[in-house]
Amino acid sequence: MKQNIKRNWIWILIVMIVIGIILYFSIRNLFSTKVAEWSISELLNNIERAKENTTDALYFKEITVNPFTNSITGVFNNTDNTSTSFVTYTNLDLLRLSGVASDQGVISKIFTPEVFLTANNVSGSLKSVATPQPNPFLGILISSVPVLILIFVMVWIYRSQVKMMNGQGGAFGGDKGTAQIIKSDKKFTDIAGNKEPIEEISEVVDYLKNPGKYQQSGARMPHGILLGGPPGTGKTLLAKATAGEANVPFYFVSASSFVELFVGMGAKRVRQVISEARKNSPAIIFIDELDAIGRTRGSGIGGGHDEREQTLNQLLVEMDGMKENSGLLFIAATNRTDVLDPALIRPGRFDRIITVGLPDVKEREEILKLHAKGKRFESNVDFANIAKRTPGFSGAQLENVINEAVLLSIREDTKVINLYQIDEAIDRVMSGPAKKSRTITKEELTMVAYHEAGHAVVGIKVPGGNKVQKITIIPRGNAGGYNLMMPENEKYNYSKADLYATIASFMGGRAAEEIIYGDNKISTGAADDIKKATSIARRMVTQFGMSDLGPIEYQSDEGSPFLGKALASNSSLSNQVNHEIELEIRKIIFTAKEQATKIIKQNIELLELIKESLLKKETIVGEEIEYIAKHMKLPPEKIEEKDLSKNSEDNNLDSLIEKTSKKE
């Protein structure tokens, strides 16, 4: 492809140079001085008239006698202070005159009829030779050159477009195909977590290596495997590991590369990729971001006649049509399995749909240890505790945490990575870097401290609420403060009480502001808390059936995948039902907020202590919060960082404080 592009640019450069030369000479001839064609008699007569009116004998500005073409050219000084360019052709021998033509002092003696006749031994009068006429065919040819060049360029561009549409490259890029044969050094052993997806794919890879073992039992290989799940969970990494494990050609293609400018290109490229893979079967075709072409048909603005749907139709035919795909395995990855066309995910096309979900606490520990290989950490770094502090993190985020910690270690010039750097790396991944240089007034800082302390108090006192593991009043991202709230244990199912407790934890910040400053002085700092609390309450009413409206789903998930939920929502709910839903959401939020307000009023002293600790240290962790709640006093300042960061499951902070006090 690069050679084609280079060759195209060379031709473009040549054409531009030729056109430039033609334009240069055309403009030069257009603006050049008009040349008078004089016969010898006219030339001599002009010289005689100049003799009568001129005394300095400077008749010419310039003059050239060319004996090879028998021509005289020059610029003649007229008597009216003007000049005339002339040319004279003759059959006389001008060789003797060429040597003295530049000496204007003798021109008056040379350019006389007698001299011309004597010098050439010609008797009689002087005769002029007709001016040479150019070849008419040559003139037509020269005038046709620009038109021919223009036609050539147009034909060349047209052929380039045709080549590109045929997949052979062209003036606008294009390539022979969109698939790349990948050779990966990744193995399944290089992946931490995702045990179930690895087992499913390993079975298919084994089928490709040992087809006889399965054929004896009458089993057929799955036509396709669809990997779905949130971003960053390792779907593409699984595909790379599959390429490294399988000893068969592995074709990688992005779904978006099928659809381009020209109509029909997508379907053609699908045929090209699959045809090439069939020639080298058994083979694997991996399609990344399948939702780019696999969305439900007939829902878009263009109906069923757009390029994307033609491409999808071709893919459906190639995967399970009249042609057999023996030895050909399709693997695809997407974050949006919910918007895929039903015909694409039926058995016979993508037989297996594997969800690659977010890792649990044990898998997070394995992922952290995998990415920590080759890096130096302090001895007190416990990856199990780090895994507990990062619920909901994907594999990509965990890798980024380790990388950020390494970068912080280099920035601070420490030879090993310590707990503080890992802690800061987690915060950077979640909320961005701290903005320590931002100027904040003391009043605003105090309000932020009360807000964050309110979250902590409610989390401590409400059973099932989110526990605050870390609080800081140092701005991060767009937030004035930051708190890390996590449930005590990771759950997959939540009770109604758990959700109420979670909403109450979110409303703790706003409740603290109202208690301390009053309704008229509340701030915008609770915006994100309100958004999250409202989202949970809405799902409790419309999806989970946890309200007085009963166990009914009031929210349909059949919106258009193209126009979005808002534009394409065809709600079948009446205005009265929507009003009742809003009332139930309001009831849940207000109930949780009243609970948070009541708890904070009952524990106002704890709120003040946590606020004072925040203003004093700017950042406090879960162990310090627990100590304050248990002893109702601020923890000592000189607590060793390695002790403070240990796991608090056994609530051993009291003994650490006692040890620290004894050291003092």
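Positions of Cβ are set from backbone N, Cα and C atoms, glycine also.
Residues or ranges marked as topological domain 'Cytoplasmic' by Swiss-Prot on the basis of sequence analysis: 1-9 (among others).
Residues or ranges marked as transmembrane segment by Swiss-Prot: 10-30 (among others).
The topological domain 'Extracellular' annotation in Swiss-Prot covers 31-136.
Residues annotated as transmembrane segment in Swiss-Prot, with sequence analysis given as evidence: 137-157 (among others).
According to Swiss-Prot, the topological domain 'Cytoplasmic' annotation covers 158-664 (among others).
Taking a C-beta cut-off of under 8 angstroms and a sequence separation of 6 or more, K235 (ATP binding site) has the following same-chain neighbours: L227, G228, G229, A333, V356. Annotated ATP binding site per Swiss-Prot: G229, P230, P231, G232, T233, G234, K235, T236, in sequence order, evidence recorded as sequence analysis.
What Swiss-Prot records for H451, H455, D529 is Zn(2+) binding site. Of all Cβ atoms in the shown protein chains, 21 besides its own fall within 10 Å of the Cβ of D529 (Zn(2+) binding site).
Residues near E452 (active site) in space but far in sequence (CB under 8 A, at least 6 apart, same chain), listed by position: V468, I471, T472, I473, G481, Y482, N483, G509, I610, L614. The active site annotation in Swiss-Prot covers E452.
Sequence annotations record features per position, and here Swiss-Prot assigns compositional bias 'Basic and acidic residues' to 639-649.
Marked as region 'Disordered' by Swiss-Prot: 639-664.
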Minimum Cα separation from P231 (ATP binding site), reported as the residue among binding-site residues H451, H455, D529 that achieves it: D529
Inter-residue Cα distance where the pair is P230 (ATP binding site) and H451 (Zn(2+) binding site), in Å: 32
Other same-chain residues whose Cβ falls within 8 Å of the Cβ centroid of G229, P230, P231, G232, T233, G234, K235, T236, the recorded ATP site, in sequence order: A333, N335, V356, S394, G395, A396
Integer mean pLDDT for the topological domain 'Extracellular' (31-136): 58
Among T233, T236 [binding-site residues], residue with fewest other Cβ within 10 Å: T236
Sparsest-packed among the binding-site residues, when each Cβ's other Cβ atoms within 10 Å are tallied, from G229, P230, P231, G232, G234: P231
Pairwise Cα distance for G234 (ATP binding site)/D529 (Zn(2+) binding site) [Å, integer]: 30
Using Cα positions only, nearest of the binding-site residues to D529 (Zn(2+) binding site) (P230, G232, T233, T236): P230
Rounded Cα-Cα span from H455 (Zn(2+) binding site) to T233 (ATP binding site), Å: 30
